Amino acid sequence: MNIALVAHDKKKDDLIVLIKTYAHILKKHQLFATGTTGKRIAEATGLPVHCFRSGPLGGDQEIGAAVARGEMDMIIFFRDPLTAQPHEPDVSALMRLCDVYSIPLSTNMGGSEILIRSIEQGDFESLKLSHNDEPPA
């Protein structure tokens, strides 16, 4: 699976804790991230991470484009709901695309743990069957 990892500044440490905890599962998949988040994850875990641009410089949009092309299977996005983000429209657009293309999206630790454990159990088989379909009209 192709999994995108994104975190606002105040949530990066939380995301790294999640990735370290589930590295034994995530190492079997391709990890993608926005710039700073990806670099921090790679440094902290040793896992290979393909880095897009930083979120405010278009990284969220790059991940959104990958979703629209059928190239992402899951998004874990630890948002900071208490701090205004200058690129909030990009964040909203990414979340919208996840809904349009039925891509699993989690924005917090609890939901992310469920998604990652579901990967290990093979719970995303129907997603593979419909992954490249056009979105509904």
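Including glycine, each Cβ sits where the backbone N, Cα and C put it.
These come from Swiss-Prot:
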DOMAIN    1-137  domain 'MGS-like'
BINDING   His8, Lys12, Thr34, Gly35, Thr36, Thr37, Ser54, Gly55, His87  substrate binding site
ACT_SITE  Asp60  active site, proton donor/acceptor
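Feature annotations (Swiss-Prot) mapped to structure.
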residue : record                 : Cβ contacts under 8 Å, 6 or more apart
His8    : substrate binding site : Gly55, Phe78, Arg79, Asp80, Thr83, Gln85
Thr34   : substrate binding site : Val6, Cys51, Phe52, Arg53, Ser54, Gly55, Gly59, Asp60, Ile63
Thr36   : substrate binding site : Lys12, Ser54
Averaged over the domain 'MGS-like' (1-137), what pLDDT does the predicted model reach?
90
